[in-house]
Structure formats: C-alpha cells, structure tokens
Amino acid sequence: MCFCVKCADQPQNKSCLYLSFSYFNLESHTTCSWDSVTVFNGGSPGSPIIGQYCGTTFPGTIQSGSNKLAVVFLADHSVSKGGFIASWSTDSSGCGGVIHADMGTIKSTNYPQNFPANMECSWQIIAHEGNHLEMSFSDNFEIPDNTGSCQSSYIKVWSGSTQNADDLLVTGCGSLAPEPVVAPYNIITSRFQATATPGVGFSMSFSTRCGASVSGSKGRVVSPNFPADYPDYANCNYTIDAGQQTVIVLSFKVFLIEAHSACMYDGLKIYNPVTSSTPMATLCGTNIPGPFSTLGPMLLHFYSDSLITSSGFMAEYSAIPCGGFFNSTSGTVSSPALSMTNYHHNMNCTYHISIQADRVVDLKFNTFSLEASSLCQYDHVAVYDGPDTLAPLLGKFCGTVLPPELRSSTNNLFIVFRTDATVSSVGWRATYSQTLGPAQGCGGYLSMPIGMFGSPDPNLDGRYEPRMNCVWTIEMPVNKAINLTFSFFDLESSSTCRYDYVNVYDGHNMNFPLVGTYCGGSIPAYFLSSGNFLTIHFVTDSSVQKQGFNATYRAVPLLCGGILNATAAKQTLTSPSFPSAYPPYTSCRWVLDAPPQETIKVSVQTFVLNPSQSCSTNYLEMKDWPLGDYGQSHKFCTSDGHPPDFYSFSRTVLMYFKSDTFLPGNGLSFSYQIANCSRLYEQEYGYLRSPGWPDIYPHNMDCIMVLKAPQNSSISFFFNNFDVESHSNCGFDFVEIRNGSTADSQLIGRFCGQALPSPIFPHFNQLYLRFKSDFSAARDGFDATWTSSPHGCGGILYGDHGSFSSPEYPGSYPNNTHCEWSVKAPRGRVVTITFAQISIDDPGDCQNNFLKLYDGPDTSSPPVGPYCGVKTKAAGNLGMPRRGNVL
C-alpha cells in the first residue's frame, strides 16, 4: 500500500489553485475502492473531498476553493498500472509561490497598479523536465531603485531552485524592462524586492520549449511530454556539460521512438564534441540502446515528424570528474567511469591526495588494465611523492600487471592519468589510506652496522596503533649479511596470523622469499639473511592492539651472494670455497641485474649435490625477478640432471643456492652475462621467445638464433604463440627458419601475421632462425618449444608450458613411428596435457597404433590410455592433469 499526501501551499492572499492531470492510468473499479487518487479542498485529508478518481478517464482540471489542496494516492496489493502525473498552478495575482506549469504569468502585487511599499516575494517555476523555460517581461515595467544599480529594489531570475550568484540569469529595475531570458532547463527562481518608492512593478510571462542544458553531477533527460507521447515536429537539443575533462555516461531506462532502418522520421542523435556534424550514434525503435559515454560535453538532438508518435525516452546521466582533490583519511581513486566503460582517449586527469600533516599515504592498486608499451609512453598512470609533478616520481605504470603498493614520504601524493588518441582499455582503481610513516617510527631505511627498531606507539599508551602498515628495509655493505634478533614480541594471536603479524623477507623488498610470518606472544628465532638486505613488514588490523615488538639487527660477514651487475663480459660465481667444502647450512642468494632493456644469460658449469640429500634443503633455484605473471622459475635438485642455459625475460635474475651439509664432490659454479638476442643453443631441448615477450617486441631488431642438438639427432620445433606484424610477403616483421646453421641453408619458411605456424621437422640436428622487426608496428611476438631425439621424433619438453605433435603434423605420420616425449616442468608444478586432436588409425583395440601417457619419468610409471581413433578437443575428456612435474 502507498499512502502519500501532497500539499500545494500558497500564500494566504491566493484565491485558488488549479490541479491538472497530464497522465492518468489507475486500476479501474466502479467505486474506486482498490487504487485511487482523492483530492481534498484543504491542507489535509480531513478537508472536504473534491473528488475521487480511478481508471483511465482523466479527472480534468480541478480548482480549489482555498489556498491549499491535499492529494492522496492509495494502492492495494494486487494490480498495478502506470500511475499519474499532475501539475498545479495559481492565478498568480498575489505575491510569490511555487508554480508547476509549462506556461503562465507572474506579476507584482496589484499590477498594473502600484505595488505596496516594502515588498519581498519569491516564485519558483517548475516545468516539464523535457523542456526549458523562456521568460519575457511586459514593457509596462517600473521598479524604482534609489541606488541606480538594482541593489535595494529589483526583480531577479535564477536558473534552478536556489539563488546562487553563478546561476543568476537577469536583474531588472528602473523603467526599462529586461530583455527576454532563456533558462538552461525546467526550473527557475524569481525574487521581487522593493524597498524604495512604489511603482507599477512587472509582469513576466513564461513558456517552455523542448530541450535543456544541464551541468549537474547526475540527473535525467527526457523527451517532451514524457511519459505521454512526444509532440509532432519536435526539434530539441539537450546538452550535458560538466566540463571538458569530465566523463559523461548516459544510460537509457525507457526508449520508445518510431522505428526506421535509418531513423529517418523520429530519432535521437548523440554528438561529441557538441559542435560535431557527425553523430556518434543515431537511435530509434524500441530496444534500449547504450550506454553511451563521452569525454566532455554531450549533445542529444531529438526530432520527430507529423505521423507516428510514442512515449519517447528517459535516460539517466552521470558526470564523473577526471581526477580531483581528496583529503579524507581513506578512500578510492580510479579512472573515470571504471566498470561502466573503457577509459577515453586524450585524457589528462590529476588526483591530489592530502591527509593530516603527521601521516603518510599508502596507495594500493586493485584493478589495472592500460595500453601496454615498453616505456609507458602512451597511456599511463604516474605517481609522485608530493603535491604535484615536481615531486619525486614513485613510478610510471601501464599494461595489465598491478603496480606495487606505494607509500609517500609526506602527507601528499599526486597521481597523473594520461591517455593518447589510440588504444583504450578497462582502466584502473586504487585505494588510499593514511598511516604512520618513518618519521613516526613506522618503517624506514636502516643502514647502521648495528641498530634496533620496534612497533610504533605515538600516543605512549603501551600499545601499537590500529591499521598499521610499516616496512623496514635493512641494508648492509655488499659483503655483509644481517642477523635479526627479536628481544620482545606480543602481537594479537591467530592460528594463521591473519590479523596482526610481522613478515620477514630475505631481500630488499617483499618480492623476495618470505622467511616467516609471526604473531602471538612467542619470540621468533633469530634469522641470518642470505644477502645484504632484509625487509620486515608489520601489519595490524582495526581491532585488538597488543604491546608490539622490539628487534635488534647487526652486520655479519657474508660468505656468498649479493647484488651484481651483468655486463657483456662473462663473469663467474661459485659456492663458498669452491671446489672445496662450503660451511653447513649454506644459503647464497645472488641478484643479477642487467642495464634497462637488456636480458641475462646464465650458464651452469658445475652443479653437484649428493643423491642422499633432501631436495627441500639442498637445491639451486633460478628465476626471473620479479616473477610477475609470465616469469620463469626453475628449481633443480640432484635428481634433475644438469640445468640448461637460462635466458631471462627481464633485466633481473635471482639465483638461490641452498645446502644444509657439504658432502664430497658438492659444489656450484655458474657464469652470467648480458644476453644478446642472437644466440647459439647447443643443447637437446629448450624454448624460445621473441625479445620482450610477453610484451610487444622492440623495433629494429635483427636476431639470429641457432639450435644445435647432439649429432645424429633430429630437431622438432613447435610454436606455442605467434603474433608478428602482418604483411602479404612478410616484408616488414618476420620469423625466418632454415634447415641448417647458416643464412644460406635451405629455407623452410618465412612467417608473419597471427596464424600459428605448423610444427617444423627439419630431419636434422641444426636449425637456423632469424627474427626481424622494422621501425613501425610491433606485436606480441612468438613463444616456441623445441626438442630433439636420435629416433627422429620425441625428446624432452622443458618449461612451464609448451606444445608438441606427431611427426609431420598436420600431415600424416610415417609408418613404423615410435616417439617418446618426456615433459619436465619446474619443480612444484603439476603437468596438464590437453590434446587438440587425435587421429590415429587402428583396427579398434589400440594395440598396434596408439598414444599412451605415463604418470612419471619413464614407462614403468602408471599408464594413462592408450588412445587411438579420431578425437578432437570437442570431446572434452582428453585433458590429463598429472600428480607431479614429470610425464
């Protein structure tokens, strides 16, 4: 049930009110006992009843007998209809009031006779929201004003429902009537004030035309007469303008306009910019379109002919600012219209975050998808450690990888979001919060040979603060390690340390190995770093606070590891005292760093561990750093054989050697250097990627890659992904493959475009590849797997992903084929095999011609299969997840 009372209350000297219904559709009943509208001649439902109405018959115009009307709308629990729309007005012979009408007149009291002294009247005129108001003054106009500048006596008109100076449309006084006034939309406010000599006053007529100009942060736009039918020959412009760097999102809720294939008769056109002669959309029919979005003002042009009409349209809009000023203790910043539409071209948004003076700003991205580029020179988010772009740059980000968590050094953070004129994407969102910084004892950089730190307690109440996020980075000289010892520890207890905790990382940031997570009241054991950096992260939630912790640190000699720069010259590193014995519980971590845009090659000369030693505490690990979404990570134990050459995807490699006990023969020796894109692979198997993979490859590359498998072996080469600039003759960017080791070997093929090349079987132990890119368009590049075998097919498939096929695929395999592949994934991974197609001719029992898988390192492992016949990926049951990393 809905019970609603609406009182139109006019000043006491008004003689009557006029109530007019423009739309009426209620449930029908002979006595209006179910749904009804009842009109009372007075200010409450206790006043005399003028009439009770239901059904679809319009009540007409209702005139009150006083200065008040009460309207009661009653609906039961069953049938619903369209409802009603009504407007009211007065005869405007008095002073002031609220008028709901599309046309009429307001006058000063007694007009055209003199108004009384010391008058003050205000009117608000509200027309249909699909229209705007236009006003004109009678020439018989006289409002004397002693100041001569309309300060004490005047008639003023404002756009909207308030008397804001920015919305003032016209001011009039003296004996010269103001010029006609056009309001931007359907509401005006008028004020008549007279403190000087009485005069004739004024008479102002108002009327409406369709269209409007709005600038609010959100609102509605409707067609003329909505929800009734729009008129014939409509020609209406609606402008939504909240600024050039504001995103307008328009969503239609109702759309009923005469349909035509080209919207020739009735329609709605949307323009951006508003001066454009070409619409971004032309709409008609009954399907709800959109939503639509523009950067800057949006113009809607509605038109109709003289034949068919309908209800028209109703749309809601939001004006979303591009950037802004943010000074709350926490909040969210994002690209405009995130989750509504992709971000626009040519944006330049700035976000200034400023919090209380003794705090710093934490910024955490939780959504990020921008156009990718090698230097983020196109679309990007730049974060500055201060109030503007003159402050230090904390980072410039693009692509789809979430940026790291950032923290300002002061109470100001400045973000710039800039886009170019081409590619667009989803956008980004980040949350910010204020917290304590290093100046208040929360985190910081520690580099003294010995020192101490602990949980901050700024108000000296003996307990740490809620919502803390403190990071300490300890750095010692390159030949030193760090001993960390906790002397006191009292944090909120939890079985998983999910509330308040201390994390210790063995490196200079939180991407390095996590040593331990600690909470509760037990003092953690001391820790000795494997390098000259240590990171401690202290986090608290908003509930329980305890006494906190204290810790000391000191520098100790470093036997191995460190941060080293890769050069073009080969450099060698070893386990401590190699080839002699290394100390018990040796833990070496090397961070190898190349110049920007370069990669690193690591070649292991010696890697020996005793077979009796556990892989959990005795191993060699090589990985891209940071790992990211596509980085490589390989862990080798004594049973894994000799590690192949490692080529990094990015500029930094992390090498980690760990062994609890030296046994005779144990040791590690490896070399590293900057890796040229031209390479020689002298090994049985491996994988290849284009420079920069998985990001777009650089311009002007010319890389020669030669694969040399053992003598009397045959190489099998498989592309996993391929996307190289397309050209009919592959004349711009291409991958060229030759059967041999030189540029004049027999050409197998030159490839470009996005089609995945077929597997390559050169029947030789050498393969020549050339990758070339020009100065213009660049794409993602390629990713490939290769292996070799003395049997003509099969071999070791190495890496975290790849592909393989039967010999000569997609052609027919030869008779008497016998191929064995061994899939070796990184340790700790589970192998999944998915077959796109199986077409193996066999009488039906899969005994002569078949494919069989073994869940382990050899054919003595548990079998899966055999498979034969014809199957495709549509079968859906050929995905084979294995328990371990070898198949």
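Glycine is no exception: its Cβ is also placed from the backbone N, Cα and C atoms.
Just so you know, TrEMBL annotations are computer predictions that nobody has curated.
Under the heading disulfide bond, TrEMBL lists Cys322-Cys349. Sequence annotations record features per position, and here TrEMBL assigns domain 'CUB' to 1-91, 95-209, 210-320, 322-435, 442-556, 560-675, 677-789, 793-887.
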Stretch of maximal Cβ-Cβ contact with the domain 'CUB' (322-435) [cut-off: under 8 Å; candidates 560-675, 677-789, 793-887]: 677-789
Other CB atoms within 10 A, centred on Cys322 (disulfide bond): 22
Helix-strand-coil residue split for the domain 'CUB' (442-556), DSSP-based: 0 helix, 54 strand, 61 coil
Same-chain residues at least 6 apart in sequence whose Cβ lies under 8 Å from Cys349 (disulfide bond): Gln245, Cys322, Gly323, Ser335, Pro336, Val416, Phe417, Arg418
Residues of the domain 'CUB' (322-435) by DSSP state, where helix covers H, G and I: 0 helix, 54 strand, 60 coil
